[in-house]
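If you check Swiss-Prot, you get these features:
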- 104-303: domain 'ATP-grasp' (DOMAIN)
- 130-185: ATP binding site (BINDING)
- Asp257, Glu270: Mg(2+) 1 binding site (BINDING)
- Glu270, Asn272: Mg(2+) 2 binding site (BINDING)
Amino acid sequence: MSKQFGKVGVLYGGRSAEREVSLMSGKGVHEALLSAGVDAHLFDTGERSLADLAAAGFERVFIALHGRYGEDGTLQGALELLGIPYTGSGPLASSLSMDKIMTKRVWLQHGLPTPAFEVLGGSTELRLVPDRLGLPLILKPPHEGSTVGITKVAGYSDMKAAYELAARFDAEVLAEQFITGRELTVAVLGSGAAARALPVIEIVAPGGNYDYEHKYFSDDTQYFCPADLPADVAADVAAVAERAYAALGCEGWGRVDFILDRENRPWLLEMNTSPGMTGHSLVPMAARAVGMSYADLCVAILAKAACKVRSPARQD
């Protein structure tokens, strides 16, 4: 099967705040595909142009980019125009999932549980937000990943600095109710009715601080896969993950992040349509739990590469 993929581009690097993580993901995917006999080539979208991409002769591409210009629908739209099959979700699902505000609105429309939130701008009276959402609360830029720009606000006096940090990345800032509980994540593979959740992972970071450093570079963070949950709770979390994935129109693969509260109720936090594929990443961990190696996972994702926008039949 590997030879049938033809010449494959592994798109990595890019220009987002998550470039460093993407470089690690891309190199890992590239090595795995080579080991599986795939004619794979690295392509850094932060250093090369779309014209270079069009001229490279790739028959399909594996998107190992994270954040803006790689995970937000812009690249996916360009690949649709170029007619190059690609991994993961299409332009619309990628755009919706990258925007944490729109993600939450879609989930609420589908009756899915997500913490209460407000959208903050320059005219917002910051001192009133904790009265509505409670303390502590979370402030984050809606278009960044890997915990970039996120602050857990403990008191009224922290609001201004937290807002200014998040506003460095976005014109709007997402304020979100803080739910005390266990941090979980669920990988989903496939599309449509065939999409299935992999085993639930629990993340336990030192001091409960699962930040950029603990995500990608620390050996102190603990991961439990499958998570130690009652069978009915694990099944409920997996079902909510599949519904959340479907509600946004995701395809191919993705990862859904949760908080499980003290009553074992899952609360949806974020959708990742191009999750990390580093040595510390969670989708490969979940795949291993069902007997799928890192290389097998990469090949399975690549096998589903496609253009997602369906052109209407021409009327001549």
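Placement of Cβ uses the backbone N, Cα and C atoms for every residue, glycine included.
Source: prediction; values computed, not measured.
Mean pLDDT of the predicted structure over the domain 'ATP-grasp' (104-303): 93. Checking each of the binding-site residues Asp257, Glu270, Asn272 against Pro130 (ATP binding site) by C-alpha distance, the shortest gap belongs to Glu270. In this structure, Glu144 (ATP binding site) belongs to neither helix nor strand by DSSP; it is coil. Asp257 (Mg(2+) 1 binding site) has a Cβ environment of 20 other Cβ atoms inside 10 Å. With every protein chain in view, the residue among the binding-site residues Leu137, Leu165, Ile179 whose Cβ has the most Cβ partners within 10 Å turns out to be Leu137.
Cβ neighbour count within 10 Å across all protein chains ranks Glu144 highest among the binding-site residues Glu144, Glu172.
For the pair formed by Asp257 (Mg(2+) 1 binding site) and Asn272 (Mg(2+) 2 binding site), distance between Cα atoms is given as 8 Å, rounded to the nearest Å.
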